[in-house]
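The structure under discussion appears below in the form of structure tokens.
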Amino acid sequence: MTTNILEVSGLKTYYKTRLKEKVFAVDGVDFVLEEGKTLGIAGESGCGKSTLALSLMGFYFPPLHYGSGSIQIHGRDIMKLSKEQLRTQISGREIAYIPQAAMNALNPTLRIIRFIEDIMKEHRPELTKKQVWDMAVERFETLNLSPKVLRSYPNELSGGMKQRTVIAISTILNPKVLIADEPTSALDVTSQKAVIKLMKDLLDKQFIRSLVFITHELPLLYHVTDDIMVMYAGEIVERGTAEQMIFDPLHPYTKKLMGSIIVPEEGMKGHKLAAIPGTPPNLKHVPAGCRFAERCSYAQDQCRENNVAVKEVDGRQYRCHFDTGTLKEWYANEQS
Amino acid sequence: MNAYAKYFVKKLFWYLVTLVIAVSLNFFLPRMIEGNPVAMIVSQMTKGMTDSDTIKRVYETFIQEFGVDKPLWQQFLIYVQNLFTGNLGTSFGLYPKKVTDILASAVPWTIGLQLPAILVGWILGNVLGAVAAYKKGVFDKVIFPVALFVNSIPFFTLAIIMLYVFALTLGWFPLSGGYDFQMIPQLSFEFIGSVIRHHTLPFLSIVLVTIGGQAIGMREMSIYELNADYVLYSKLLGIRDSRISRYVFRNAMLPQITGLALSIGTMVGGSLICEIVFSYPGIGTWLFTAIRQLDYPLISGCTLLIALSVLLANFTIDIIYGFIDPRIKASQMEDQ
Ligand SMILES: Nc1ncnc2c1ncn2[C@@H]1O[C@H](COP(=O)(O)OP(=O)(O)OP(=O)(O)O)[C@@H](O)[C@H]1O
Ligand code: SF4
Ligand SMILES: [Mg+2]
């Protein structure tokens, strides 16, 4: 029997700008992550992926604000906890986070080991400095990271090394869930591989139980995660297994997103891959009806008028007015 | 040689080069001012004398005594030679006083005025700046504009306004000098009281501008650091706010320490205007007098002292920084 390690329902969070306008960056997100599973989240820039990642931590710092919804870790709603409970019981222990700009996530004037000591002072105050050191060395060695790193300052490490160090630090308390926001995006191919390998090691050795991996490089998700979720304009528009999402997408947006990456047009090789024409809607004023309608080649009047509910078919979810038969027929016609 | 020793030697070399240039400029620049110092001195000394022969003899004696009859380059060689024995020559204006004796009597006044003022202003300014950045709100809205205002008044104007209001109009403080002229310097309560009364206004004027500048700098640095990625990352690992504030404070403080070291180093030169406005018996006032009298040795002596202290301060900062700031350490490594 599988248990749900992370259960998010109706989560809404928004930014309040200086001009007091609200940007609804996460606008009603529901999903479940089972223990031992990995989930990828993909979508264009500005769809709210990073905001979702941050929102899942349960901590909100201006300009980001909590609207509504619940986040349950092993059935415990962390939104019902006080800030202090969240800090001492959840952050880093149950759920850990790797920010999108992980390169800058480390305090430049603190040696890595000093930072680890500070983390331990909060969560394992009974440990002596020596014990923390031994533990850190052991963890770094297990993850094929040189323990020399521990004595270094962040600026003495290369970009890829810094990224792996951040990952090792984030997971040092063996959190159940790790949320990694674009952990490979700023790296060269070799370092990317090392980071992916590190993530797999963390799962294999059970230092983490589940992983949420955010990226816009879809092919990468195929090899890394069990499931993929596609986000558009603050909503989840489709979820399925990596296999289904990449080779048999249902939602027109997923289809476009995959199409723009997997089958580049003739003569486009070596160029930046063609983006989907148009831009995602401004999240300050979310359009009524289907949020993708403006850019969808199949859009009809009802798409623009009626809000779309999530449909569930054979364990897959997608957010479109049309049934799978209709969609597949359209896609088939397009190919011929 | 390790990287640090190389860095040290390289720095030392460049500081020595700068020193040589400074010594030459200190010597030649004053001597390029139009005018004949000996004629000025002699005409003062021989006021009322009518015998032109005697006047001529006095004039020639002085010309020889001061060595201004020799070609400039020869004078320079003598000057440099004397420098090595710690002899800065004899003052023209206060003949036959030694320049070193005049400087030795002036330095305690300058340091006694500047050092406490800089320290007090620096500490208050940094505390105010940090508090403004942390607390934001009303506190920030009041402190910041006031600091900006004080900082934008030219020091000269500020000093004159204070002199006008508190000394001339209100008569709370004496107008000029370091102590009452009728008094003989000694360790009596009266004398010390007089020194303190004369000290107050120039002291406050320096404290005020220092607070202004430091508060603005510290506020900017703290705001920058508070928004750094490591703040959010540390929070999400459950590190308590007070510890994160310490990270921020330390990182914001480092550049401020440079500021402190620099103003202490440039203290001797930095007090020029203040001392002149308040006729305070320090280096600044002496330099001012020396320039008016074309007292070359005294001018060169004052400027040499100023140049030396500035160079020494910068050198010390460079060296210490290489030790304590890993960001600089990293860039040293890259240099080699
Ligand atoms: N600090 C902020 N204040 C106001 N709006 C913001 C802020 N940060 C992000 N947004 C807005 O929220 C929306 C979602 O941004 P988010 O960073 O979550 O997107 P993303 O999917 O992670 O994009 P990317 O792929 O570029 O990282 C965007 O429209 C963005 O403009
Ligand atoms: S609902 Fe309509 S506009 Fe939206 S994705 Fe489906 S077909 Fe396109
Ligand atoms: Mg992002």
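Our numbering is plain: 1 for the first residue shown, then up by one each step along the chain.
Every residue gets a Cβ built from N, Cα and C, even glycine.
All TrEMBL annotations are machine predictions without curation.
The transmembrane segment annotation in TrEMBL covers B:12-29 (among others).
Taken from TrEMBL, the feature domain 'ABC transmembrane type-1' applies to B:107-317.
Marked as transmembrane segment by TrEMBL: B:113-134 (among others).
Sequence annotations record features per position, and here TrEMBL assigns transmembrane segment to B:146-175 (among others). A Cβ distance under 8 Å defines the sequence-distant neighbours of the transmembrane segment (B:146-175), meaning residues of its chain 6+ beyond its ends; these are 125, 128-129, 197-198, 200-202, 204-205, 208-209, 211-213, 215-216, 219, 273-274, 277-279.
Tertiary proximity for the transmembrane segment (B:195-216) is limited to same-chain residues at least six positions away from its ends with a CB under 8 Å from its CB atoms, namely 112-114, 116-118, 120-122, 124-126, 128-129, 132, 143-144, 147-151, 153, 155, 158-159, 162-163, 166-167, 173-174, 177-180, 256, 259, 263, 271, 274-275, 277-278, 280. Here TrEMBL flags B:195-216 (among others) as transmembrane segment.
Annotation comment: TrEMBL describes B:253-278 (among others) as transmembrane segment.
Feature annotation from TrEMBL assigns transmembrane segment to B:298-324 (among others). Residues 4, 7-8, 11-12, 15, 18-19, 22-23, 26-27, 30, 79, 88-89, 91-94, 99-100, 102-103, 107, 254, 258, 261-262, 264-269, 283, 286-287, 289-291, 332 of the same chain sit 6 or more residues outside the transmembrane segment (B:298-324) yet have a Cβ under 8 Å from a Cβ within it.
With a threshold of 8 Å between CB atoms, the same-chain residues lying at least 6 positions outside the transmembrane segment (B:253-278) that come near it are 107, 110-111, 113-115, 118, 122, 126, 155-156, 159-160, 163, 176-177, 198, 201-202, 205-206, 210, 213-214, 217-218, 221, 284-285, 287-288, 305-306, 309-310, 312-314, 316-317, 320-321, 324-325.
Long-range Cβ contacts of the transmembrane segment (B:113-134) within its own chain (Cβ-Cβ under 8 Å, at least 6 residues beyond either end) map to 140, 143-144, 147, 199, 202-204, 206-223, 226, 245, 249, 252-253, 256, 259-260, 263-264, 267-268, 270-271, 274-275, 280, 282.
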